[in-house]
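Okay, so here's the structure we're looking at.
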Amino acid sequence: MKFEDLLLEIGGFGRFQILILFFLCLPRINLPMHFLLHNFLAATPSHHCAIPHQEAFVNLTMEEVLLISIPQEPDGTFRSCEMFSEPQFHLLLNSSLQPENSSIIQHCQHGWVYDHSQFISTISTQWDLVCEQRGLNQATATFFFIGVTVGAVVFGYLSDRFGRKAMLLLSLVCSIVFGMLSAASVSYSMLAITRTLTGVALSGVSLIVLPLGMEWVDIQHRTITGILTSIFWSIGNMLLAMVAYLVREWHWLLVAVTGPCLLSIVCLWWVPESARWLIANGKVKQAHRHLLRCARMNGRKDFAVSPEALRRMATDKKPGETYSYISLFRTPVLRKISLCSGAVWFGVAFSYYGMSMNLTGFGLNMYLSQFVFGVIEIPAKVIMYFLVNRVGRRQSQAWALILTGLCIGANIIIPKPFTSLRSVVAIMGKGFSEAAFTTVFLYTSELYPTVLRQNGMGYTSFVARLGGALAPLVFLLDEVWISLPEMTYCGVAVFCGSVAFLLPETLNVHLPEGIEDVE
């Protein structure tokens with residue numbers, strides 16, 4: 001008897017499974033509130049050099065003081081990172097005569113003054129992470145995603161070794177501890193370390209929540225379960241916009257997005273350990289108890305299986321060859337699949353987080369952008385559910401990613417004053433980006449043989465997190481050319497989308513069991 005046969009007897013998608021998925025969706029909602037928090041945590045409001053008071057300024061207005069102290073851009077705005085070494089009083093007579101002698105212009109010497117109309121404080125204003133220190137501001141997102149990458153390796157092993165539920169509980173507890181320590185940070189170094197550790201902890205939540213729910217669901221309902229569960233990520237996206245709108249101070253914003261982990265811990269006490277994992281690890285008494293509870297809740301009162309039968313299931317596994325990540329690259333076809341799927345995953349994550357972390361670049365208010373980007377993900381997920389079963393996985397994956405890149409590229413060409421058009425194109429691009437992310441999970445799981453499926457998903461997930469870690473740093477390229485970040489996101493998305501055409505189609509194809517099936 002296989003575990004799938006047991007699920008048919010106890011009910012593979014009944015009240016028991018629906019309750020499990022509901023409780024597991026609470027931490028799922030919390031994930032994007034941390035993964036995309038950088039948009040608000042590290043937001044940089046408009047700023048200019050602080051001007052020390054002088055006697056000569058007594059009869060001048062603040063606007064006049066700025067006029068003689070800070071150089072202007074061609075559009076008339078004051079520069080953010082430079083000031084005059086000496087006041088230029090002649091500018092009071094004609095402000096258009098900006099000095100051409102660069103030797104009288106210097107970097108800010110006395111700190112900065114920030115516009116607090118939108119944010120009470122962010123980490124940028126707290127530690128002056130602007131101008132020469134701007135790279136440190138973007139690096140906070142990279143540190144977080146490095147933590148997520150490390151956490152994927154750590155919790156991937158620990159959840160197989162010590163169980164899904166125990167490690168999910170540990171990751172939630174660590175998320176609260178490190179999240180609150182982040183909120184209490186008294187230096188940039190402390191924040192960087194605690195955000196990295198928060199990324200490690202939340203990676204456990206990201207990695208375990210979906211498999212723990214799926215291992216209780218029968219085969220027929222797994223795809224729709226995956227889509228429905230991923231919708232709660234989009235709900236978290238929308239909630240982040242609302243929470244950030246209400247909480248404008250970065251310390252309390254971190255507390256606000258970390259607090260819900262407490263509710264997840266409370267709800268987790270009801271969620272059972274994966275019976276599949278328990279049986280595989282010889283803990284048949286616990287598995288038997290959970291299976292009986294599932295059968296009763298699903299109205300299958302005639303279900304009866306002995307612990308001895310479950311013990312036989314655990315010992316029925318035949319010893320065979322052990323596989324590792326190296327096995328993904330040993331044979332020609334599997335090597336091609338691994339290289340191409342890795343490129344696709346990198347492109348999907350790189351473009352998704354590139355768009356998600358550029359809320360002010362498309363003409364909408366940043367809170368509205370965050371909310372709309374969350375809303376558009378839901379129909380994108382639903383459409384892709386039907387599309388992948390009609391036109392196939394390969395075409396859906398390739399074109400969703402290519403169209404993401406083309407939308408990003410289109411906004412480079414569309415002039416800034418056309419804010420409505422830029423917003424529509426950006427929202428379309430975000431929808432395509434989410435469609436690509438939704439498809440890649442399903443497609444990748446069907447490409448790899450059963451004996452290597454977890455290794456394949458682990459490898460591609462690792463590559464995706466590298467894409468997520470690099471995406472925030474690309475914004476620094478605007479110092480070379482203002483449109484270079486968008487060009488980079490566009491180019492990577494189009495190239496990686498084109499690589500998807502090299503992968504085999506898996507629609508209506510039996511899942512491969514061994515490496516020989518793939519070759």
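In case you wondered, yes, glycine gets a Cβ from its N, Cα and C as well.
TrEMBL annotations: computationally assigned, not manually curated.
Quick look at what TrEMBL lists:
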- 87-508: domain 'Major facilitator superfamily (MFS) profile' (DOMAIN)
- 139-159: transmembrane segment (TRANSMEM)
- 166-186: transmembrane segment (TRANSMEM)
- 192-212: transmembrane segment (TRANSMEM)
- 224-246: transmembrane segment (TRANSMEM)
- 252-271: transmembrane segment (TRANSMEM)
- 337-355: transmembrane segment (TRANSMEM)
- 367-387: transmembrane segment (TRANSMEM)
- 399-418: transmembrane segment (TRANSMEM)
- 424-444: transmembrane segment (TRANSMEM)
- 456-475: transmembrane segment (TRANSMEM)
- 481-503: transmembrane segment (TRANSMEM)
Review point. Hey, which of 192-212, 337-355, 367-387, 424-444, 456-475 has the most Cβ-Cβ pairs under 8 Å against the transmembrane segment (224-246)?
Key: 367-387
Point to revise | Contact set, same chain, for the transmembrane segment (337-355): CB under 8 Å, 6 or more residues outside the stretch | key: 328-329, 373, 397, 401, 404-405, 408, 426, 429-430, 433-434, 436-437, 440, 444, 447-448, 456, 459-461, 463-468, 470-472, 474, 485, 489, 492-493, 495-497, 499-500, 502-504, 518
Review point. Does the transmembrane segment (139-159) reach the transmembrane segment (456-475) with at least 3 CB pairs under 8 A, where each pair is 6 or more residues apart?
Key: yes
Review point. Taking the transmembrane segment (252-271) as reference, which of 166-186, 192-212, 399-418, 424-444 has the most Cβ pairs under 8 angstroms?
Key: 166-186
Check your understanding: With pairs 6 or more apart in sequence, are the transmembrane segment (367-387) and the transmembrane segment (456-475) linked by at least 3 Cβ pairs under 8 Å?
Key -> no
Point to revise | Dominant neighbour of the transmembrane segment (399-418) in 192-212, 456-475, 481-503, by Cβ pairs under 8 Å | key: 481-503
Review point. Taking the domain 'Major facilitator superfamily (MFS) profile' (87-508) alone, what is its mean pLDDT?
Key: 88
Exercise for review: May I ask for the residues of the chain that lie six or more residues beyond the transmembrane segment (481-503) and have a Cβ under 8 Å from a Cβ within it?
Suggested key: 336-337, 340-341, 343-344, 346-348, 350-351, 354-355, 358, 361, 394, 397-406, 408-409, 411-412, 436, 443, 447, 471, 474-475
Check your understanding: By a Cβ-Cβ criterion of under 8 Å, what residues six or more beyond either terminus of the transmembrane segment (456-475) are in contact with it?
Key -> 38, 135, 138-139, 141-142, 145-146, 148-149, 152-153, 156, 207, 325, 328, 338, 341-342, 345-350, 352-354, 357-358, 440, 444-445, 447-448, 485, 488-489
